[in-house]
């Protein structure tokens, strides 16, 4: 097993990331794009943009409340119960397959990895291995149950095949590279015996290849945009494709041609499912409608229901005579809709009869390739909606949690204000790694204005909220930029002028439990300047996910902050932690303060006949009162300079920048950022105070 990717020092520089979140995250926080159902144990596996795979215990269709009886959400008395989470991915979970006779779950992610999980009923340690062969987003997976092979495809243009039977703890790679593929791969399908696979990459080509020989015997054209989903029937003679061009196409593999096209959807079709007999296809996508069409006549369709958000993933509860369908969308809720509801436009008795199609299905009408502005759904669907009531209530719903979708970093470069999909505003402390205040439903801009201060601290971290949670990233270029005094940082310290470094403190917090860091901290003397600069660090919550990654974001190792002291995690960290981290936490090395050049001139109101322009240089954290003291003593040559306390120097000298009077406690970088506002060197004007 491998817990980390290749830790080679070559390539782009490494970064550190951590996620501020609750200890338990039982609900999805954004889009749900991957679904798998274990019918034997009535378990649903769900994954999406928040990086976490969740397991749910769900009732059989006959045990669920009907749509007529109302929606049942996950909760204490709900038939749907959260079971556990599988947490190792660091980016969007794109796909999942159940394999190994239901004992294994294989998942793919935008973090470039394929991960293997043991999901046996009583196994509490689900993670088995990380397969790190891809170098870009892993877009999709396919499973050949008769051959017990898993296939992965990626934006890196590679396709890999893994042997599930080889060993649960050590998947064997059968095909290293699909030669000749020149573009990212968006979709993938295989026959149950892996006799051949279909895949799509740009240039509107669906291509076939034989995984056993790596031969590519055919190409099929027809779609005018990316193909987002592919399905093959069991004998490999027919295929279905769904595209961003809004069409569903049926292909004859032997003839290598498109033999039927469905145009019911007005916008991109992102996901399709087909029953075991390859008789009916279920489709969903950007227009939010979920439709059912007979495969032998894609010109006919039936509207099943309309979702609240674009549909990312469909999953039939059963392949044989499906009674319900699971739906994941751009929202965090997951729903199961009945396919036998009294409110649904049912097929009636004879599903194969022509009369049932003409009675319960509508026929697609030709449409232009570019729909008229303002049309958000096909006109024929709108008319069908008017004629027949849509099913508007799912039989089950697993409610999601709100996701952070907006944020603002406060001027102190320590706190971040966030707003979520329900307009709740909250305040996070980056140094403490936790949420510190909730403001309820308010406008983010209004709270930001209330919390903003006239202080400038250089940026030292990057914020990302694509997972619906707050992710903080540190890199070598900026992490040590934020020097400030303990007074400005708000720390209770006897020496208010002691300098602290936020980035150094953050590294102490992240590695506090790592043995090399603990040893270095213990050996450093209290008078050590770096020790002083980082001594105010916070102890982070132990459940905080912590990731070492390459410069492009590809993960090298993921762990929890609280596990850094464990033997395995400690050893893996030692292999992948970059030098700029170890220099600080092991050797107590920090960059020096940044210097700032500036000019001193007498204020124009002094009517100086030949004003002298002095060019000076000082740390950017130098306070204006120190400049006042220099002017009073050195420039003006006052003999009583030593008798004027520093906290009273403003009674002798005034300082100006761009005609604005400066406060004595303001530092030079704040003056440059808020008052000077130019790229050139800072100009400061002094004027003696007249008694």
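Every residue, even glycine, has its Cβ placed from backbone N, Cα and C.
Database features (Swiss-Prot):
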type	residues	note
REPEAT	27-82	repeat 'WD 1'
REPEAT	88-130	repeat 'WD 2'
REPEAT	133-168	repeat 'WD 3'
REPEAT	180-219	repeat 'WD 4'
REPEAT	222-261	repeat 'WD 5'
REPEAT	264-303	repeat 'WD 6'
REPEAT	306-347	repeat 'WD 7'
REPEAT	399-438	repeat 'WD 8'
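Beyond its flanks by at least six residues, the repeat 'WD 4' (180-219) meets 136-137, 139-147, 149, 151, 153-159, 161, 174, 225-232, 234-236, 239, 241, 251, 253, 256 of its own chain at Cβ-Cβ distances under 8 Å. Long-range contacts of the repeat 'WD 2' (88-130) within its own chain (CB-CB distance under 8 A, at least 6 residues past either end) are made by residues 1-5, 17, 31, 33-36, 38, 40-41, 43, 45, 47-49, 51-53, 55, 136-143, 145, 148, 150, 152, 154, 156, 160, 162, 164, 168-171, 466-467, 545, 547, 549, 553-555, 558. With a threshold of 8 Å between CB atoms, the same-chain residues lying at least 6 positions outside the repeat 'WD 7' (306-347) that come near it are 27-37, 39, 44, 46, 48, 50, 58, 61, 64, 66-68, 270-273, 275-276, 282-290, 292, 356, 360, 384, 388-403, 421, 468. The average pLDDT computed for the repeat 'WD 8' (399-438) is 97.
Here the repeat 'WD 7' (306-347) has, by DSSP, the following mix of helix, strand and coil residues: 0 helix, 18 strand, 24 coil.
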